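Chemist: Quick one: the structure is below, questions incoming.
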Amino acid sequence: MSAPFDRPLLAESDAVGPGPFDAVSAQAGDEERVVESALRPHSLADFIGQPKVARQLDLVLEGAKRRGRPPDHVLLSGPPGLGKTSLALIIGSELGTAVKITSGPAIERSGDLAAMLSNLGPGDVLFIDEIHRIARPAEELLYMAMEDFRVDVVVGKGPGATAIPLEINPFTLVGATTRAGLLTGPLRDRFGFVGQMEFYEPAELQLVLARSAALLGVELTEAGSAEIAGRSRGTPRIANRLLRRVRDYAEVKADGRVTRQVAEAALALYDVDHLGLDRLDRAVLEALVMRFGGGPVGVATLAVAVGEEPHTVEEVCEPFLVRAGLLARTPRGRVATEAAWRHLGQPVPRGGIPLGSVTAVPQVPGTSAEPLFDA
Ligand SMILES: Nc1ncnc2c1ncn2[C@@H]1O[C@H](COP(=O)(O)OP(=O)(O)OP(=O)(O)O)[C@@H](O)[C@H]1O
Ligand SMILES: [Mg+2]
């Protein structure tokens, strides 16, 4: 039997799998993964933004180090590209322990998980990405492992099968999920610390960009970084990706320096608008507004209309569209807000939008329909 850790690990790229509409991520793939790992922060001090999660996690880790015991199990949740995997790896390096990585969909049988757990060294970190996709029998095995550091290994089949309890080394489970709502109650309750990752402020993204530009050897002006940050949908992965595309443009069409003009021209070329919406985001909004009269419409129908998987629309596009105040999720379906009609240059329908709570949608700074930065 091959060691369970040999299977293809990180589902990172799966979560944001380049959609047919995303001109920027269509060029991603292997290069993306290599650069992404080169740009990952390696310590909490290096990790930009998420002040609440970072401070709380710092305390959890410091407390555990002082007690000489592995910290509580950690669940990190939030949309793709906000730094969950980065934080999981940082937890390992802050604790000075090994991080074994797998993902929910890769654990098909509970035996795979049992083998992984019994291979953990004392204090190791087990990182399970996309933990909400773990198979149910494996999840049940995980309960006991998390609580008692014990697994039941079933020997034999049928009525003669017996469960032999096996001690495992104390470890810390770090789970990451883009869909905390899909986690079962019993699993969620077994995490001692839950970090909810938030979208980044433009100023924080500028820090991410400055750090990445230095690592990539790109000359980036303040105004250039502001332009990219404002179009990065509050997401470091997107900021880094746009930086690389803008760098290409700067090298080929200009003198290599990323100024505001260069960033603007490059991002226009890549169909990234001034709010940071790419072609898929715009296609979703356009379908909602133009084909379904602003909604309400179910996410499955919306996904068919844009030729994408419902989960891509739900996990990749919608969180930001909601936070940007362009789309609302209602019990009857998705509804375009007034801002969405205006953003697409469409007259807002008379009689208003069929939703009273749209104005209550939280706004992320820098995601209003106004221009984000002064020229
Ligand atoms: N706080 C941060 N500071 C600097 N760079 C960051 C930060 N967070 C994320 N990044 C950058 O963004 C990239 C994506 O982050 P990461 O892979 O950790 O996201 P994720 O939340 O795990 O996404 P997914 O849900 O798709 O797995 C990283 O490679 C890193 O370069
Ligand atoms: Mg990840």
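The backbone N, Cα and C atoms fix where each Cβ goes, glycine too.
Model, not experiment: these values are computed from the prediction.
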Chemist: Per TrEMBL, what member of ARG237, ARG241, ARG244, ARG245 joins LEU39, ARG40, GLY81, LYS84, THR85, SER86, GLU147, ASP148, PHE149, ARG190, TYR200 in binding ATP at one site?
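Modeler: Candidate in the recorded ATP site: ARG237.
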Chemist: Select from 1-21, 169-189 the stretch of residues annotated by TrEMBL as region 'Disordered'.
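Modeler: When 1-21, 169-189 are checked in TrEMBL, region 'Disordered' belongs to 1-21.
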Chemist: Which binding-site residues from the set LEU39, GLY81, THR85 have a C-beta atom lying less than 6 Å away from ligand 2?
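Modeler: Once distances to ligand 2 are taken from each Cβ, THR85 fall under 6 Å.
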Chemist: Long-range neighbours only, meaning 6 or more apart in sequence with Cβ under 8 Å: which ones does TYR200 (ATP binding site) have?
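Modeler: Set apart from TYR200 (ATP binding site) by at least 6 residues yet with Cβ under 8 Å, we have ILE48, GLY49, GLN50, LEU82, VAL208, SER232, GLY234, THR235, PRO236, ALA239.
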Chemist: Once the chains shown are all counted, how many other Cβ atoms turn up within 10 Å of the Cβ of ARG334 (DNA binding site)?
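Modeler: Its Cβ shell of radius 10 Å holds 26 other Cβ atoms.
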Chemist: In the predicted model, what is the mean pLDDT computed over the domain 'AAA+ ATPase' (70-201)?
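Modeler: Across the domain 'AAA+ ATPase' (70-201), the average pLDDT comes out at 93.
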Chemist: LEU39, THR85, TYR200, ARG334: which of these binding-site residues put a Cβ within less than 6 Å of any ligand 1 atom?
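Modeler: From LEU39, THR85, TYR200, ARG334, counting a Cβ under 6 Å from ligand 1 as near, the near ones are LEU39, THR85.
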Chemist: Taking 10 A as the limit, how many CB atoms besides its own sit near the CB of PHE149 (ATP binding site)?
Modeler: 15
